[in-house]
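Contents: one structure, followed by commentary.
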Amino acid sequence: MSEVPQSTSDVHPDAECHLSRYTTLRLGGWATRVVTATSADDLVRGVREAGDRGERILVLAGGSNVVIGDAGFPGTVVLVRSRGLKVIETDTDTVTVRVEAGEPWDELVAHTVANEWSGLECLSGIPGSTGATPIQNVGAYGQEVAETITGVQVYDRVTGTTARIEARDCGFSYRSSIFKRSDRWVVLSVDFRLARSPLSGPVRYAELARALDVAVGDRVPLAKARAAVLRLRAGKGMVLDAADPDTWSVGSFFTNPVLDRAGYERLRERAADVGEPPSWPGTDGTVKVSAAWLIDKSGFGKGHPGPAGVVTISTKHTLALTHRSGTARTEDLVRLAREIRRGVQARFGVTLHPEPVLVNCAL
């Protein structure tokens, strides 16, 4: 475990303490201290020691789903850089793998596809680390990690012990879990049970089915599914590219609103002049509605507010807010997010909620 020296008012902080270098938005202020953990033991030790010093703690891995304020973080940031994957159980039909929290997510997905392990292929191209996936219950193109996670190894900051939390106890819901709702647990590694198959799971997402030229419910070779997802994501600026400011983002900034039936019918009435809102009914009577559609129909199109903006909506996808220059501040991003949220609320009566974790800033 390595440590960047603590910054003080008398000494200019080391460049490694500036958090913009650790986020895909390239935004964020200074941290008091940055510690790098290259193993689960390092991660536990870094969090425990900072806690013993009475410091605030921020655990940061890929930095792809976090917005850090301009004031930075007045405490210790523990960078998760643990790597590794091992098979812990196998049978004729399935394989269970344990993956360290710092393992880059898309490298894991590529590995599973190459080994003909089915279950993660539609989650290709998502930036960030494996340890972040249960926190958000990451999902895309008809798959989410809650379907394949069997358990999560954690450090419990309350008891000071390590433990395994079974999937049934993780509180998985749409883009959320107990790990997002509380900072009590630090994810050390994640177990996934995957099918031993050269074919994808049934294609559930209509856009992906069209890209593959198959019917919803069909299965395709894993590599074909992965390639199609990567193409779709790249077309929306959702695959990291250092040369493309449309990818300097946290991906989808707002979650798709989940409405009860009455709320959905009210939305349909208010949207009657612009068309039927794209929606997906849930099994519990709720309806999930496209946030991208709501944003666009509220007058916030791709590229808003224009090419002169230091932060704008992506030119490829209305759900992504992007950093367009080296001069932007987090407050610029937050101001744009507030404008969009207020506009959607005024137009449709629906409140959008941010998907990323907000640190030292708020909408």
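Cβ coordinates are placed from backbone N, Cα and C, and glycine is handled just like the others.
According to Swiss-Prot:
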DOMAIN    27-197  domain 'FAD-binding PCMH-type'
ACT_SITE  Arg175  active site
ACT_SITE  Ser252  active site, proton donor
ACT_SITE  Glu355  active site
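This view paints the features noted in Swiss-Prot onto the structure.
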residue	record	DSSP (3 states)
Arg175	active site	coil
Ser252	active site, proton donor	strand
Glu355	active site	coil
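If you take the Cα of Glu355 (active site) and the Cα of Ser252 (active site, proton donor), they are about 7 angstrom apart, rounded to a whole number.
Model confidence over the domain 'FAD-binding PCMH-type' (27-197) is summarised by a mean pLDDT of 97.
Cβ neighbours within 10 Å of Arg175 (active site), excluding its own Cβ and spanning all shown chains: 19. On a Cα basis, Ser252 (active site, proton donor) lies 11 Å away from Arg175 (active site).
The Cβ of Ser252 (active site, proton donor) lies under 8 Å from the Cβ of Ala291, Leu319, Ala320, Glu355, each on the same chain and at least six residues away in sequence. Within 10 Å of the C-beta of Glu355 (active site) we count 19 further C-beta atoms, all protein chains included.
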